[in-house]
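K.L.:
Quick paste from TrEMBL:
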type: DOMAIN; residues: 1-377; note: domain 'FMN hydroxy acid dehydrogenase'
type: BINDING; residues: Tyr27, Tyr133, Arg167, His276, Arg279; note: glyoxylate binding site
type: BINDING; residues: 80-82, Ser109, Gln131, Thr158, Lys252, Ser274, 306-310, 329-330; note: FMN binding site
type: ACT_SITE; residues: His276; note: active site, proton acceptor
Amino acid sequence: MSLSSALSIADLRRLAQRRLPRMVFDYLDGGAEDEVSLRANRAAFEALRLQPRLLRDASVRDPRVNLFGREWAMPVAVAPVGLAGVFWPQGDLHTARAAGRAGVPFILSTASSVSLEDVARGAPDTELWFQLYVISRRIADALVERALAAGYRTLVLTIDVPVSGYRERDLRNGFAQPFRVTPRTVLDVARHPGWLWRMARHGSPQLANLATVDAADAESQAALLKRQMDASFDWHALARLRERWPHRLLVKGVLHPDDARDAFALGVDGLVLSNHGGRQLDGALGALDLLPRVAALAGGRPVLVDGGVRRGVDVLRALALGASGVLLGRAVQYGLAAGGEAGAGRALALLREELDRAMALCALRQISEIGPDLLAP
Ligand SMILES: Cc1cc2nc3c(=O)[nH]c(=O)nc-3n(C[C@H](O)[C@H](O)[C@H](O)COP(=O)(O)O)c2cc1C
């Protein structure tokens with residue numbers, strides 16, 4: 001199967017599985033502990049049945065939306081994904097460019113393999129947001145300053161990683177710090193010469209945002225790789241961040257309506273309801289479970305959701321439940337792993353085509369026509 005013959009995100013996933021060493025694929029594909037939340041994310045979408053009103057002229061359709069003062073080509077943004085350089089050399093840059101070409105925002109992870117400055121330089125036509133992990137307050141302050149200087153105007157604070165989720169696939173595969181080199185990992189890598197060749201040519205991926213801070217770098221890099229964050233970060237710290245960051249601030253990883261309400265009260269501009277793709281608290285509810293309650297209290301402020309979006313019709317489902325838009329995590333990364341920028345672009349193009357087809361099948365001309373009546377009771 002080639003990129004152009006991939007008919008769905010599931011096909012891109014199969015391509016990624018073939019092209020990546022098993023330990024890298026598992027890092028991308030897996031979740032925490034028993035992967036209950038990972039599976040539930042998908043099941044929640046599949047359980048939502050659509051009930052279209054037909055016999056309305058939908059011969060011309062427009063999936064564009066206005067969100068956060070910008071026009072998006074569709075109500076979709078690319079989620080932050082750390083260590084994307086293990087899927088494809090300089091993966092962040094390739095995905096950022098693909099997002100720009102698709103007309104949707106790209107959220108760069110703190111744990112990116114290309115520095116935030118290099119992504120800003122290399123993808124000047126993309127709407128770039130920066131995702132912040134607070135490893136320590138000092139490093140977070142420095143990253144925020146750098147993001148500001150590099151031209152980022154939207155900051156996404158991820159709050160659901162006080163410690164790392166327990167990802168047993170990664171532990172079993174030795175995809176952890178320090179990397180364990182075993183006969184099995186050597187064999188795994190040797191079976192994927194294309195991947196090995198790409199990595200060998202470009203050098204092993206770094207946590208580029210922490211490569212230049214100072215002597216404490218090695219320590220902070222190790223902390224980021226192990227996802228050891230500042231677990232003391234609290235509402236006071238968020239209030240301080242709100243004061244320091246003069247532009248748009250989103251909070252990602254909200255799982256409780258009271259937290260959603262408090263974040264809005266503090267002046268946060270938008271939320272991402274997320275269980276981190278089932279990679280953090282296994283057993284956590286999913287974004288869709290929470291969405292109607294949060295949409296009701298948001299008072300029109302944007303509420304994004306993620307976790308399990310794999311089809312264009314999932315965008316309709318999320319919006320019908322009250323979301324303003326969705327983030328794509330693995331869906332785009334499968335594409336990146338399958339074929340770099342072209343692969344990430346293919347993932348976004350498939351989603352766009354599917355969304356257009358789903359709109360036609362529901363006789364919807366505009367995104368604004370999507371409402372709760374689209375869902376079967
Ligand atoms: C490999 C991988 C790495 C991720 N790294 C980050 C990260 O660095 N920061 C973050 O906020 N979320 C991270 N996430 C979570 C995503 O931003 C997003 O919430 C999640 O992938 C959505 O679920 P989906 O993959 O089913 O679409 C990561 C997810 C994956 C799959």
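Note that Cβ sites are derived from N, Cα and C of the backbone, with glycine treated the same way.
Relative to the rest of the structure, where do these features sit?
P.N.:
Other Cβ atoms within 10 Å of the Cβ of Arg279 (glyoxylate binding site) number 25 in total over all chains.
The Cβ of Gly308 (FMN binding site) lies under 8 Å from the Cβ of Asn41, Arg42, Ala44, Phe45, Gly277, Gly286, Asp314, each of these being in the same chain and 6 or more residues away along the sequence.
DSSP assigns His276 (glyoxylate binding site) to a helix. Note: His276 (glyoxylate binding site) has non-local neighbours Thr158, Asp160, Val161, Gly165, Gly253, Gly307, i.e. same-chain residues 6+ apart with C-beta under 8 A of its own C-beta.
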K.L.:
Using a 10 Å radius around its CB, how many other CB atoms surround Gln131 (FMN binding site)?
P.N.:
26
K.L.:
For the binding-site residues Pro80, Gly82, which one has the sparsest Cβ surroundings, going by other Cβ atoms within 10 Å?
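P.N.:
Gly82, out of the binding-site residues Pro80, Gly82, has the fewest neighbouring Cβ atoms within 10 Å.
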K.L.:
Taking just the CA atoms, what is the gap between Tyr27 (glyoxylate binding site) and Gly82 (FMN binding site) in Å?
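P.N.:
Computed Cα spacing between Tyr27 (glyoxylate binding site) and Gly82 (FMN binding site) is 10 Å.
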K.L.:
Of His276, Asp306, Gly308, Arg310, Arg330, which binding-site residues come close to ligand 1, meaning Cβ under 6 Å from one of its atoms?
P.N.:
His276, Asp306, Gly308, Arg330
K.L.:
Counting every protein chain present, what is the number of Cβ atoms, excluding its own, within 10 Å of the Cβ of Tyr27 (glyoxylate binding site)?
P.N.:
21
K.L.:
Helix, strand or coil at Asp306 (FMN binding site), per DSSP?
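P.N.:
Its secondary structure by DSSP: coil.
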K.L.:
Calculate the distance in Å between the alpha carbons (Cα) of Arg330 (FMN binding site) and Arg279 (glyoxylate binding site), and round it to a whole number.
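P.N.:
So the alpha carbons of Arg330 (FMN binding site) and Arg279 (glyoxylate binding site) sit roughly 12 Å from each other.
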